[in-house]
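The transmembrane segment annotation in TrEMBL covers B:9-30, B:117-140, B:152-179, B:199-216, B:258-278, B:309-329. The annotation domain 'ABC transmembrane type-1' is assigned in TrEMBL to B:113-322.
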Amino acid sequence: MDVTDLRTVFHTQDGTVHAVNGISFYLEEGELLSVVGESGSGKSVTMMSLLKLLPMPPAEIVSGMVDFDGRDLLELEPEELRQVRGGDIGFIFQDPMTSLNPVFKVGFQIMEPLKEHLGLSEKQARKRAVELLELVGIPGAADRLNDYPHQFSGGMRQRVMIAIALACDPKILIADEPTTALDVTIQAQIIELVKKLRQKLGMAIVWITHDLGVAAGISDRIMVMYAGFVVEHAKVKDLYKRPLHPYTRALLATLPTDAEEGEDRLKSISGLPPALHEYPNSCPFAPRCEFAFDRCQKENPPLMEMGDGHQVACWWDVEKGAPR
Amino acid sequence: MLNYTLRRLLFAIPTLLVISFIIFVILDLAPGDPTGQLPLTIPAEVRAQIRESLGVGEPIHIAYFKWLRGFFVYEPLYWLDQMGLTIGDPADRARIISYATRGPVFDLILERIPQTLWVVGLSYVFGILIALPIGVISAYKQYSWFDQLGTFISMVGFSVPTFFTGLLMIVIFSVQLGWFPSVYDTTLEVNSWESFIKQVKQMVMPVAVLALYNASQISRFMRASMLDNLTQDYVRTARAKGMSEKVVVLTHVLRNSLIPVVTVIALGVPTIFSGAIITEQIFRVNGLGQLLIIGIQGSDFPLVQTLTFIFAILIVLFNLIADVIYGILDPRIRYD
């Protein structure tokens, strides 16, 4: 999948908000790309734009191309797009408590895409649904098909969501902060499960998270987003060994460490990411950046190649301690 | 669920007894004399005799007890008797007698039920059938011209009283155009195509007036409930699964949105039986609502007491039914 110059805006009563500002990225078969950033950095909006899952209006995809198997997903007819959703690309959402329909049995909800996309009969779909629940590690799968979502715990519901997303053997799985709403122990289980499923099924995964620690453990590549821009993009090792953007460095510094005691154990980045009402002419991170200088106020840095696929959008060279 | 229902039914008994007593006391306190509408030429002592023969002026606890016995013992026994199952001696049972007609109150009520059910009941059914699709479309296409128009019409339907819309319709369709009769003829027997057409014609206006009113209310509920659900996360999940908009809206969203609306509809059913008092009056439909008004005007306390109490039973009953339906529709709710 190749995404080029994706731009999404929201038309609100207070004016237009630029949520995604010309993002380009690619995803190769079977690889895991993590998208990292604070809340409001445009991670989820980017991914939902790919399948037009945002409410439109207020959202509008202004430009962009999403090349998937030689087709531009943004240009597809609604019927064709429907076949891609749930068929070729599966989605898992943040909050498993509200993402399942409370009045339908879990079995019905898993079988829906199977019947819709694969044309399975009731009986075949049921059989496949049992397999799927076993695959995601839900004990007593055959009986649990007849349970309602409220009879499952949060972690189990997220497993059901994963089963639904994987129902039709998608080529890509997009996971939108799938562990944020869960307990830490359950988070670890879900991450393990996804790792295992990836080995077994070999689909590509886009993993949206705000936790660089989680991203380190599972990703092949990491894309750091800020205010609707990609600010750094690198292979996972490069990013942790050699973080080039001040924002990435700040994010890494916020990871809790067990080494030191005292007040500095939890670091934070002060301020909030901006909601952009106008397309920025300056670096959107500049107000919060310790290295900001004149140029950052005048020009928004483009994504620059630093060698071996490591890209960064910053006018300051943190390694040399001087402007680029 | 069965356990819960039985428990609720048992609780209903003391509730209803208290309600019946309160109604009785209020009616007893009300001024008014059942002989008040008799000619003034009747001398005072005859008047007193009439009152005595009707049983007016008995101490309240005795009168209440007699009414209770009539309602809960003699009336059921009478109807069992009518079905051919005689228990005890029918001769010494006093049924509840109307002051005004000197006939049993229940016979009066039974005479009136068909008209009310046909006119008011049908208007409720039509109201629901119109309201649900309008509510769904209005919510799905929020702020579209359809939604704006629907909002306008339901605001009008809800805020303009039925006696005004009723009279307006009479002026337009009976007086000016002469399409429909302005008076509902209860004696009409439907036994041929012509009489059926006639029946339909005389029902059109009262049903339309009441259906507009009911539809206005229910469509607003439906719209609000749909809007609540359309923005839920599970709707996004359904779309992400690749379900068609039809399935997303008419299966996933509608099923959830109907839960509160069905409750509102169930709670509204007793109002059918109490009749649309004003509308019945305007179109001269002699249904239960009109019977109640006549009873009140003539200080016919046994009639008013019995009718009001029947409404109370229906309200308690349909509250229970609404709760049970809620439990069936929403799997998260379990009563046991």
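Using the three backbone atoms N, Cα and C, a Cβ is placed for every residue, glycine included.
No contact links the transmembrane segment (B:199-216) to the transmembrane segment (B:9-30), because fewer than 3 Cβ pairs that are 6 or more residues apart lie under 8 A. Long-range neighbours of the transmembrane segment (B:152-179) within the same chain, counting only residues 6 or more positions beyond its ends whose Cβ lies under 8 Å from a Cβ of the stretch, are 134, 201, 205-206, 208-210, 212-213, 215-217, 219-220, 276, 278-279, 281-283.
Outside the transmembrane segment (B:309-329) by six or more residues, the chain places 1, 4-5, 8-9, 12, 15-16, 19-20, 23, 71, 109, 258-259, 262-263, 266-267, 269-270, 273-274, 335 with a CB less than 8 A from a CB of the stretch. Panel annotation: around the transmembrane segment (B:9-30), residues 60, 63-64, 67-68, 71, 299, 301, 304-305, 308-309, 312-313, 316-317, 320 of the same chain, lying at least six beyond its termini, place a Cβ under 8 Å from a Cβ of the stretch. Nonlocal intrachain contacts for the transmembrane segment (B:117-140), taken as residues 6+ away from its ends with a CB within less than 8 angstroms of a stretch CB, comprise 146-147, 150-151, 154, 184, 203, 206-227, 230, 249-250, 254, 257, 261, 265, 268-269, 272-273, 275-276, 279-280, 283, 285, 287, 289.
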